[in-house]
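*Asks:* The structure's right below; bear with me while I get my questions together.
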């Protein structure tokens, strides 16, 4: 091996060019080496080598073609030499270039790695080329120091692999901290910062200015890490020091913990305005306007203080616990309240107070009241508590009852309302001046429902609860009993017997009365929303009977609900026969809110008493698990039951099922209640094929206004069963329940088919908006399909009421021949969806059966 000496040629300007060169092309077997001194890596795992050199074209050398080479080798040595690459020139020079003084300089770059030692040697091997090595530059790349997103990233040497990224955790600058996670970046082998993750933000009280965190000025604050800059203090507050994280309220103004930092400081409201009262017997309706000054808040509430004026003006005393406030006494959001169960002919003083979220903080702020003084009138009598059955015949039942606990005057007469069980659409009213009555003209072996109410000069009281009595299958009168009844009848004063419908009542009987805090119609109960109770447990215990868990036996699990398992088993109450019941249980680990939501449905069901509404037997709240006990429905949900018994029922049986559902919905509608989720899946069927409305989890109460609507709070809507105005505006009325009832009719007549089949919800909404309607089911009577179409009228005021639906179904049942004409398929039109073709009816027309 020859060591090539250093020579110093000159360039065209006669400046020296320091090169290493060799040109022994005329000699064979050349093996010339040039190596460097020890090169330190300085921690780099991959380095780059840049070579600049010239190389003579072998064809330009006379006689040297055979031994001339146009390449050379480059090697490196950490512990021993390893060949890196064979280097070839892109351009070579000839003798002409020398004559023209043209230097064709080549530049080649090679990378070397991974390196494992602190340094290495480079060596160059010549095997017979004419070459001049002008320069050798050895370097490595690094990611430079960087400040990004308020994080500092130090100089970083890349990894050894070409595709490797080195993760570097940044350090937040002064007065800043990481947001969610530490800031990170990745250093590539090309010395570039890539893939930033996370960032730093200025601490509260500081803001970012030119890449650093500067303190907030006086009068400004920054309380949230997510906000970018300091904000000026909101109205009625100030920041007296630099670097404030919050602003302090001025005197007389306040904030509560839940108020956002950028909200102005507020103060208590002024007194309510324009307070008026409307006295109706022993109930008072109070109404007022919002305060002139709300204090800058929207959470204004109202509290009522009730005081009774003592006789002879000897002072005032607070109203007792028997006085009821509807919906509540404190925390009212509406500007009205009903005060019920006051004493008759008594003076009362009411103080109406307006408060808001900061009223509790304003200890030195005088409460703002407006006062009202009222005098109650004479009250209607309270309900009759118990009705007893006397002698029973095959067509008559003798009744007796006690005078109301609070007659509130002289009882002028009693009114007895009765009807055959499950036939409450056609009832009879008779009157008596005594506390007993024999009701005649009844059917043998039939169950009747009886209710009694009293009347004074102040008007009618509320009907008693329902009492069920059954007539005898044959005449059981003995001579002695018959004589007793004859005496009773001869001694009783004359009474009026009158059968009538609700639409043809006496004007006096049609009159509306306030009683126990509710607007009462003769014989119609009023629903009370459990949410109006300050203590939800009070609502449960008021409307539902507490059952000892020892009276219940769980035999099997029949399903699963939202809150836990649904089971069945016997209920054995003392003194009553054993019955099968359904048992809903609340799963373990529940929250208090889940417990309230679970029992909320019981508070609703406990107020209903109708043969076509699922009956609540009671609740278990004093032991675990918490339970809701309802009557057991042997055949389960209506949709599943129909699918299992496809085409097994007569049309009259199906109409009877529909009639029962409509009767239950009429009852809810009369109570001012909207269901919102009426569907065949929420109808339960017992062993006698009686259908009962259930599942009040989505139901809501309507206001006294029959056109009032409930606006949902963003809950899911069952699109296929819901009226278009309820989908569009999320408002529900009894008319939207009628639309849903029409879909239930379609489900029943099609034996549980899915409405609109496989169409998507969006396609259903679009089709209904374009006046498409479901086609008549196979073998569906035309009369029923016309009723469905009436239920699906676009204008909700054109849809029938539930009492009209019950009346029409009764006529159809009494006249089966009207059900023989089936839907005419020629009235259908077709349109195609993505999956299949559906026949939908386009005509919207009224149908009535006289």
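Glycine is treated like the rest: Cβ placed from N, Cα and C.
As annotated in TrEMBL:
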DOMAIN    1-148  domain 'Eph LBD'
DOMAIN    268-379  domain 'Fibronectin type-III'
DOMAIN    380-474  domain 'Fibronectin type-III'
DOMAIN    552-813  domain 'Protein kinase'
BINDING   584  ATP binding site
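Can you tell me where each of these features sits in this structure?
*Replies:* The average pLDDT computed over the domain 'Eph LBD' (1-148) stands at 80.
DSSP assignment over the domain 'Fibronectin type-III' (380-474) gives 0 helix, 44 strand, 51 coil.
Under a cutoff of 8 A between CB atoms, and with a sequence separation of 6+ in the same chain, the neighbours of residue 584 (ATP binding site) are 561, 563, 564, 566, 598, 627, 628, 629, 630. A strand conformation is recorded for residue 584 (ATP binding site) in the three-state DSSP classification.
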*Asks:* May I have the DSSP-based helix, strand and coil counts for the residues of the domain 'Eph LBD' (1-148)?
*Replies:* 8 helix, 73 strand, 67 coil
*Asks:* Within the domain 'Fibronectin type-III' (268-379), how many residues are helix, strand or coil going by DSSP?
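*Replies:* Taking each residue of the domain 'Fibronectin type-III' (268-379) in turn, the totals are 3 helix, 52 strand, 57 coil.
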